[in-house]
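*Asks:* So that we are looking at the same thing, I have put the structure below in structure tokens.
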There are 2 protein chains.
Amino acid sequence: MDEKYMSLALKEAEKASNILEVPVGAIIVHKNEVIATGYNMRESLKDPTAHAEIIAIKRASEYLNGWRLINCTMYVTLEPCPMCAGAILNSRIDRLVIGTKDYKMGCCGTVIDLLHNSNFNHKVDTTFGVLEDECKIILKDFFKKLRKK
Amino acid sequence: MDEKYMSLALKEAEKASNILEVPVGAIIVHKNEVIATGYNMRESLKDPTAHAEIIAIKRASEYLNGWRLINCTMYVTLEPCPMCAGAILNSRIDRLVIGTKDYKMGCCGTVIDLLHNSNFNHKVDTTFGVLEDECKIILKDFFKKLRKK
């Protein structure tokens, strides 16, 4: 099941790649239904907050008509940055499934762990490494293509 | 100068209080000009990302027509949470001026310091305690009023 949903997040990442955005995709699942999708649009929207996760969280809140994303799981191709990990905390998402680690900015355990900090009022069940190779390759290919240009 | 700008952020916080939102306000200054304002609208917009800082950052990016808020200073009445501290990093804001500390979620030094982490590619010059009493009181009065209701 996790692989099926991660493959949908990968499809979102492809949409980012197609418009020359760093390919990261996210989806949010509520009771076995995909209620929101998002892909990185930082350059296109000229908005530093327009990461895949933030876009998906805003759409899921709209869909559920409230800011608490209870009983929701997010699938994201790359480990969330501080901003996105914080938004996941703020939205009370229950579970986070990550494709590949981010050794530069990853805030779900790799650089810092914001999702299991005893000071904060919410913890997020986190799974790493679902379709890890595919999630790595899409990023690697993107940067290779970018360097050639 | 810092006090003058923080008083504008406090006026934003008042707008939040007037609509029964937790009173936090932010403004962004670029070359001595206020280019963006924001106040917490999480409940009104039913959006977990609709904190004062995120709203101000989106508006400043629109104003400057780009996601990099270089040479910008943010004034915010309450220490930013993980999400907002992360958005400040992502937006490359140079300087952050904070009214009062947040002992629960503050990620600019109080609970965690995301703004001076050697792993990340940006650091933010941070000043605490400008109009601290006023920034504390507006929050205290809000929660007192809320408990009475």
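Cβ atoms here come from the backbone N, Cα and C positions, even for glycine.
These came from TrEMBL, pasted as-is:
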type     : residues                  : note
ACT_SITE : B:Glu53                   : active site, proton donor
BINDING  : B:His51, B:Cys81, B:Cys84 : Zn(2+) binding site
DOMAIN   : B:1-118                   : domain 'CMP/dCMP-type deaminase'
*Asks:* In sequence order, what residues of the same chain, 6+ apart, have a Cβ less than 8 Å from the Cβ of B:His51 (Zn(2+) binding site)?
*Replies:* B:Val24, B:Gly38, B:Asn40, B:Arg42, B:Pro80, B:Cys81, B:Met83, B:Cys84
*Asks:* Can you tell which of the binding-site residues (B:Cys81, B:Cys84) has the fewest other C-beta atoms within 10 angstroms of its C-beta?
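*Replies:* Per-residue Cβ counts within 10 Å for the binding-site residues B:Cys81, B:Cys84 bottom out at B:Cys81.
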*Asks:* Counting each residue once, how many in the domain 'CMP/dCMP-type deaminase' (B:1-118) are helix, strand and coil under DSSP?
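*Replies:* Secondary-structure composition of the domain 'CMP/dCMP-type deaminase' (B:1-118): 43 helix, 28 strand, 47 coil.
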*Asks:* Once near-sequence residues are set aside, which residues in the chain of B:Glu53 (active site, proton donor), 6 or more away, have Cβ atoms under 8 Å from its Cβ?
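*Replies:* In sequence order, B:Ala26, B:Gly38, B:Met74, B:Val76, B:Pro80, B:Cys84, B:Ala87, B:Ile88 meet the Cβ cut-off.
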